[in-house]
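J.: Before we start, here is the structure in question, set down as structure tokens.
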Amino acid sequence: MTISPPERGEKAKPIYDQPVDRDHVPADFEKFEQPGFFSKSLAKGPNSTTWIWNLHADAHDFDTHIGDLEETSRKIFSAHFGHLAIVFIWLSGAFFHGARFSNYSGWLADPTHVKASAQVVWPIVGQEIMNADVGAGFNGIQITSGIFQMWRAWGITSETELMALATGALIMAGLVLHGGIFHYHKAAPKLEWFKKIESMLQHHQIGLFGLGSLGWTGHLIHVANPTNALLDAIDAGTPMVLDGKTIATAADIPLPHELYNADLVGQIYPGLASGIGNFFSANWWAFSDFLTNNGGVNPVTGALWSTDVAHHHLAWAVFLMFGGHVYRSRFGIGHSMKEIMGNVKGDPLLFPAPNGHKGLFEFLSNSWHAQLAVNLACIGSGSIVVAHHMYSLPPYPYLATDYPTVLGLFTHHMWIGGLMICGAAAHAGIAVIRDYDVSVHVDNVLDRMFKARDAIISHLNWVCMFLGFHSFGLYIHNDSMRALGRSQDMFSDSAIQLQPVLAQWIQSLWASSIGTSSVVGTTTGLPGAVSDVFNGGVVAVGGKVALMAIPLGTADLMIHHIHAFTIHVTCLILLKGVLFARSSRLVPDKANLGFRFSCDGPGRGGTCQVSSWDHVFLGLFWMYNSLSMVIFYFSWKMQSDVWGTVNSDGSVTHLVSGNFAQSAITVNGWFRDFLWAQSSQVLTSYGTGLSGYGLLFLGGHFVWAFSLMFLFSGRGYWQELFESIIWAHNKLKLAPTIQPRALSITQGRAVGVTHFLFGGIVTTWAFFHARLLGLG
């Protein structure tokens, strides 16, 4: 990557005086009509079928188009606006479906009995069978995205408001799309502007996250929470009275602009009518009715208290706006990221690096791949954390009792997190190859890490072997003992126990904090400081379990160690791809070959699965396998030990009658009692409203199996086949101008892994949906 030098004789100006170049690149739409315009070789057009694959591979590889960091930065920045435009169009579509094709009002009136639907299938050749009865006289496809619950939490009470949001989102899409064009063609930021790290941190922390969170707090306090308080009162059977009028239905709720009337909203939350003077006089307790610290969940909706959520966003806004002011930018005061990072020394005992983190700031501020790798790893991990909070601390009303939606959101956030973490490894590998200068990084933490890579990878390897042999060994033992009829010799809760004592201890610690004054500022005991999944009680909403304690036993410990094994192997593959991206014993010149390189050319025998790209390719399979185990475990565990109906005597009838603890301790149990038994709904879905999932189940299997054709067979076989066919065509003078050529091994693997993941995800989607929607 090269950095453009300033023009000769040009005096450097402060970036604040001239942060952009005007009319940088004229918008030339004719250029976009030429495929491959960004590459001299691709612009010549195809002479073989490899051209189309290279076109796809390089279209967004901005580094290789010009090789100039400033131009690359501008393209990425402009593409961000395009991405935002697509997001707004997608949001507009969701709002529009809610406004025109949904039963949102019907669901809002009776969320415990009416199911969410925002799509109606047109009757072309019998597809209308998929429009099942979701309650209250509405027929459509049941949706499991959680948007109804989210809209309810936002305070949306009608389809009219949804249509207004759909229109607003389209307007925003147009604005940001224009912004992307403007900031590339009309006012393109300079490289120095992109590299003002402290200013960027201020903009993100104060502007985007701080003020964004504060603005959302304002919406929650003034619109969403009063609306939700009225809806909760209706659902609880005790409607509130405002100005002498009983608020009996959602249609009676005042419109958002009417809720700005202090006298009106003060009847819901008196603190809102007390005035802003209490803030400046530090009488903050006057606001304690709409900024609460209740803990636990609202017993009416089974969701976090909306007033707790508002308090949470206000606290984050304060933290972020304060934190965003500690960096040094225009005024020469505050923290310098370069100084902070440069002053950090390595661990003198475990990881001696005489130069510590020196050079790390320059690496991160010159390599967008390195920054992206860090961001993807953090956001991916955050997505996985969100997945676990969706069921343990449900944020939206009536989400916890919509079991298909909870499972769908858990699965979605787990997969998104896994893909992002694999993306982090990919971009870390690219950063190491394209942006890492070995002459600059001498005896700093990066250099020491690369020098210690053999020790790091070998230790990870030993950990993986230990976990793999022992965790699978427990399963092999149990399957063997069960086959021999020796249940007393099995590892189980009723024989040889392997209790997860540490996890149980942590659960008891959290449970013991309920009713204590463990949160700063509270004088009374918290009724539910933590989630009820930690040894709490049963929270029932509409006769269904919203939350209850999740018991842990031998089966959980065994599966936990299977998770540990698969996650460590994924980490091993991805990390090895990064640490050995520049060189290895087999291929010492990898840095010159690039992130991906073919392994089927002259002199390249035996070099497959050596490039950094190949490690991402393999890591994706292990990521998929490890997360499949996670989501299968979650699905079965919740159906067996948590989800179900609450009987009049307080007992719970679970969906699958608690068979998890005894069946999940053998491989055969997983096959028989989970995969086979729970696939009955999808296998018998034909002729019902779930028939679409039956077809998706078959189609997903087909796409998955199709991937194996690319993954199992060698390139040489296909090339020989092609050449035989081409020879026959030449004989008949029918040879095509564009020469057919077999996919390279890298291209074949890319096609293979894409279909493997897509087919597997669709199959799992159909399996989960048909199962829980079929159970009703």
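The backbone N, Cα and C atoms fix where each Cβ goes, glycine too.
According to Swiss-Prot:
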type	residues	note
TRANSMEM	76-99	transmembrane segment
TRANSMEM	162-185	transmembrane segment
TRANSMEM	201-225	transmembrane segment
TRANSMEM	309-327	transmembrane segment
TRANSMEM	368-391	transmembrane segment
TRANSMEM	407-433	transmembrane segment
TRANSMEM	455-477	transmembrane segment
TRANSMEM	557-575	transmembrane segment
BINDING	Cys599, Cys608	[4Fe-4S] cluster binding site
TRANSMEM	615-636	transmembrane segment
TRANSMEM	690-712	transmembrane segment
BINDING	His701	divinylchlorophyll a' binding site
BINDING	Met709, Tyr717	divinyl chlorophyll a binding site
BINDING	Trp718	phylloquinone binding site
TRANSMEM	750-770	transmembrane segment
J.: For the transmembrane segment (162-185), find every same-chain residue at least 6 residues outside the stretch whose CB is under 8 Å from a CB in it, and list them.
T.: 20, 23-27, 74-75, 77-82, 84-86, 88-89, 91-93, 95-96, 98-100, 104, 151, 156
J.: Roughly how many angstrom lie between the C-alpha atoms of Cys608 ([4Fe-4S] cluster binding site) and Met709 (divinyl chlorophyll a binding site)?
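T.: Between the Cα atoms of Cys608 ([4Fe-4S] cluster binding site) and Met709 (divinyl chlorophyll a binding site), the distance comes to 18 Å.
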J.: Can you tell me which of 309-327, 407-433, 690-712 gets the most C-beta pairs within less than 8 Å of the transmembrane segment (615-636)?
T.: 407-433
J.: Same chain, outside the transmembrane segment (557-575) by at least 6, Cβ under 8 Å from its Cβ: which residues?
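T.: Same-chain residues near the transmembrane segment (557-575) but 6 or more away: 421-422, 424-425, 456-457, 460-461, 463-464, 467-468, 470-472, 474-475, 491, 498-500, 503, 615-616, 618-619, 622-623, 625-626, 629-630, 633, 664-665.
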J.: So which residues does the transmembrane segment (368-391) touch in its own chain, when a touch means Cβ under 8 Å and the partner is 6 or more beyond its ends?
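T.: Contacts with the transmembrane segment (368-391): 72-73, 76, 399-400, 406, 409-414, 416-421, 423-428, 430-431, 434-435, 533, 638.
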J.: Once near-sequence residues are set aside, which residues in the chain of Met709 (divinyl chlorophyll a binding site), 6 or more away, have Cβ atoms under 8 Å from its Cβ?
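T.: The list for Met709 (divinyl chlorophyll a binding site) reads Gly752, given in order along the sequence.
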J.: Which entry in the list of binding-site residues, Cys599, Cys608, has its Cβ near the fewest other Cβ atoms, using 10 Å as the limit?
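T.: Checked Cys599, Cys608; of these binding-site residues, fewest Cβ neighbours within 10 Å: Cys608.
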J.: Per 10 Å Cβ neighbour count, which of the binding-site residues Tyr717, Trp718 ranks highest?
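T.: Answer returned by the neighbour count: Trp718.
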J.: Which one of these stretches, 76-99, 201-225, 309-327, 750-770, has the most C-beta pairs shorter than 8 Å to the transmembrane segment (407-433)?
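T.: By the under-8 Å Cβ criterion, the transmembrane segment (407-433) pairs most with 750-770.
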J.: Suppose we draw a 10 Å sphere around the Cβ of His701 (divinylchlorophyll a' binding site). How many other Cβ atoms does it contain, all chains included?
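T.: Excluding its own Cβ, His701 (divinylchlorophyll a' binding site) sees 15 Cβ atoms within 10 Å.
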J.: Sort out the residues at least 6 away from either end of the transmembrane segment (750-770), same chain, that have Cβ-Cβ distances under 8 Å to it, and list them.
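T.: Same-chain contacts beyond the ends: 144, 404, 407-408, 411, 415, 617, 620-621, 624, 628, 631, 635, 678-679, 681-682, 685, 690, 693-694, 696-697, 699-711, 743.
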